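According to TrEMBL:
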- 6-22: transmembrane segment (TRANSMEM)
- 29-49: transmembrane segment (TRANSMEM)
- 61-81: transmembrane segment (TRANSMEM)
């Protein structure tokens, strides 16, 4: 493995560990999820470039589209929870159920 791949895997591991540690606040969890998706995007793009697999060129772009949708939904939930309850705790998301 090259040094770039090792750095990306370390970034993924740190983001995953951060998600497990900071899972009580919604904004912290969203930032860690964005770090995970970004490292997966870079790893997918590098893998496709190294293997010259031209049929899979759209996979990183599709991954970015899903990441943008995830960020928009997460920020919307964060605004709703903070306006309703005054905090951004994940436990308040259970109160939004009908």
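Don't overthink the numbers, they just go from 1 along the chain as shown.
Glycine is treated like the rest: Cβ placed from N, Cα and C.
Because TrEMBL annotations are produced automatically, they should be read as predictions rather than curated entries.
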Long-range Cβ neighbours of the transmembrane segment (29-49) (under 8 Å; 6 or more residues past either end): 4-5, 8-9, 11-12, 14-16, 18-19, 22-23, 56-57, 59-60, 63-64, 66-67, 70-71, 74-75, 78, 90
Contact set, same chain, for the transmembrane segment (6-22): CB under 8 Å, 6 or more residues outside the stretch: 28-29, 31-33, 35-36, 38-40, 42-43, 46
